[in-house]
Amino acid sequence: MRTLWILAVLQVGVEGHLLQFETMIIKMTKQTGLFSYSFYGCYCGWGGHGRPQDPTDRCCFVHDCCYGKVTNCDPKAAAYSYTIENGGIVCGGDDPCKKQICECDRAAAMCFRDNLDTYNYAKYWKFSAKDCQEESDPC
């Protein structure tokens with residue numbers, strides 16, 4: 001019975017975009033996005049420029065590029081639906097725009113998880129903008 005309850009809880013969709021992305025990050029990395037990724041490297045957080053500093057920063061660069069390709073809605077505001085299944089994220093819903101946003105966030109959260117071994121809080125947290133002057137890679 002307990003297993004069925006856990007499965008039911010894990011399949012509940014979440015609403016509210018920023019909360020959704022934060023929850024994805026926590027589920028995949030066991031770290032809060034706000035404190036672990038908001039001011040990391042040259043791309044994690046609002047904006048972004050220069051060359052990504054490490055694999056985690058590259059996750060944010062790719063996420064920014066992904067948002068740039070979303071059409072017909074605001075990627076930072078539109079709420080979408082998803083579930084956590086078998087340790088992964090599955091985007092749902094019928095709205096193509098919301099699904100694109102979800103896929104961008106899913107890919108970033110999974111990328112953060114896959115690069116935890118190179119995450120360097122001491123070196124890249126609140127990284128100086130003056131160190132992000134190299135030419136950016138193209139999306």
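Cβ coordinates are placed from backbone N, Cα and C, and glycine is handled just like the others.
Residues Tyr43, Gly45, Gly47 are recorded by Swiss-Prot as Ca(2+) binders, and the candidate that the same record lists for that site, out of Asp54, Asp64, is Asp64.
When you check Swiss-Prot, the disulphide partner of Cys97 from the set Cys65, Cys66, Cys73, Cys111 turns out to be Cys73. A disulfide bond in Swiss-Prot ties Cys60 to one cysteine from Cys42, Cys44, Cys66, and that cysteine is Cys44. Among Cys42, Cys59, the one Swiss-Prot lists as the disulfide partner of Cys111 is Cys59. Matching Swiss-Prot disulfide entries to the candidates Cys65, Cys66, Cys139 identifies the partner of Cys104 as Cys66.
According to Swiss-Prot, the cysteine that forms a disulfide bond with Cys42, out of Cys132, Cys139, is Cys132. Figure note: comparing Cβ neighbours within 10 Å for the disulfide-bonded residues Cys102, Cys111, the maximum is reached by Cys102. Note: the Cα of Asp105 (active site) and the Cα of His63 (active site) are spaced 7 Å from each other. Each of the disulfide-bonded residues Cys44, Cys60, Cys65, Cys104, Cys132 was scored by how many other Cβ atoms lie within 10 Å of its Cβ, and the smallest score goes to Cys65.
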